[in-house]
Amino acid sequence: QLNILVDTGSSNFAVAGVPDPDVTSYFNSAQSSTYRSQGIEVTVKYSQGSWTGVLGTDVITIPKGIYGSYTINIATILESENFFLPGVKWHGILGLAYSTLAKPSSSVETFFDSLVRQAKIPNIFSLQMCGAGLPVSGSGTNGGSLVLGGIEPSLYSGDIWYTPIREEWYYQVEILKLEVGGQNLELDCREYNADKAIVDSGTTLLRLPEKVFSAVVQAIARTSLIQEFSSGFWTGSQLACWDRNERPWSLFPKLSIYLRAENSSRSFRISVLPQLYIQPILGIGENLQCYRFGISSSTNALVIGATVMEGFYVIFDRAQRRVGFAVSPCAEVDGSPVSEIEGPFTTADVASNCVSSVSFHEPVLWIASYALMSLCGIILLVLIILLLIPPRCQHRYTDNDVVNDESSLVRHRWK
């Protein structure tokens, strides 16, 4: 029996295939009568960690609701670096993003695409992540749900609000603005989508582009009831501790994210209370409870990770190319809800398009990089050949020849 991390930010299904110091169980494919190796090596890199393994196929059954056996692609992880970490309760990862992100190429059919094709289920899944207010270092069995092929009414309350998927690789959405304690950060909306904004269950924190992160920290520090606060807490290098009987959440403001609605002239906002982003992590003795800041900076994306997703039932409606949010009943701390959804609001105060029109997928970036490296290599080779030509074969300059500064600079640098 293996616990699997459900990851909407990648597209490979992979499990530990050999013993590892940080996993308690692994899949021994040699003892499986149904596993078939494809002999294809695959490497997947994440924002933290990576693994290398071998691609194969195996047969799965779904315990509830989808009857029958289905053949899917599965990678057995043979080597990894910073992927399985001390104390993790999972032994593999289920990537539920689009095939564009699948490794080694998009021709590898994803787990969910295989299920949609073979079981004829609707092209939609939904995820309820529970754990609001519970210690981060807890048991990891907080009763969340993954629904394949539909929406389960008992897992949410109120209305579902949908935002369009801007591009089908990650679940890329469009964020219009952020508010801290009801106050708009007043940033250009393109800052929130630089270079993409995605919904990713495999990312623990709410990750913000550096400029946005800095503005959020300043706004939280300005509106919180704590005047002096260690910078290490905001950067994630230090914990903040309070007496166990205190509830520090009352000291911090609400954080709201505005998403474009299906009607592009409207928006809605999802809000998380401090109970979701000021996270209990460690008890010290009988008297102290320590907390971490559930928001971090990012160099390449705004990532709506578990910090926010634990407040909502999130619907990945691939058929209609949209992501839905509804309030989750398990997003309560001490009997009070810690998440909100409100709307609609007008988008008259933001740009008609907050996403850059130029969007490069990772495979395209790799191709461009290799092309540029090849071009540089050819130029370098030509220069070396020219420098090695014997003097008698080289052109002798006459009074009519012109040697400009640029060519002289290249020649002298080589000398």
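Glycine is no exception: its Cβ is also placed from the backbone N, Cα and C atoms.
A TrEMBL annotation is a machine prediction, not a hand-curated record.
The structure displayed is predicted, hence computed values, not measured ones.
Out of CYS130, CYS189, the record in TrEMBL bonds CYS354 through a disulfide to CYS189. For CYS130, the cysteine that TrEMBL lists as its disulphide partner among CYS290, CYS330, CYS376 is CYS330. Distances between the Cα of ASP200 (active site) and those of the recorded positions ASP7, CYS189, CYS241, CYS290, CYS330 are shortest for ASP7. Closest by Cα distance to CYS130 (disulfide bond), from the disulfide-bonded residues CYS189, CYS241, CYS354, is CYS241. Cα distances from CYS330 (disulfide bond) to the recorded positions ASP7, CYS241, ASN263, CYS290, CYS354 are smallest for ASP7. In the shown protein chains, 20 other C-beta atoms lie within 10 A of the C-beta of CYS189 (disulfide bond).
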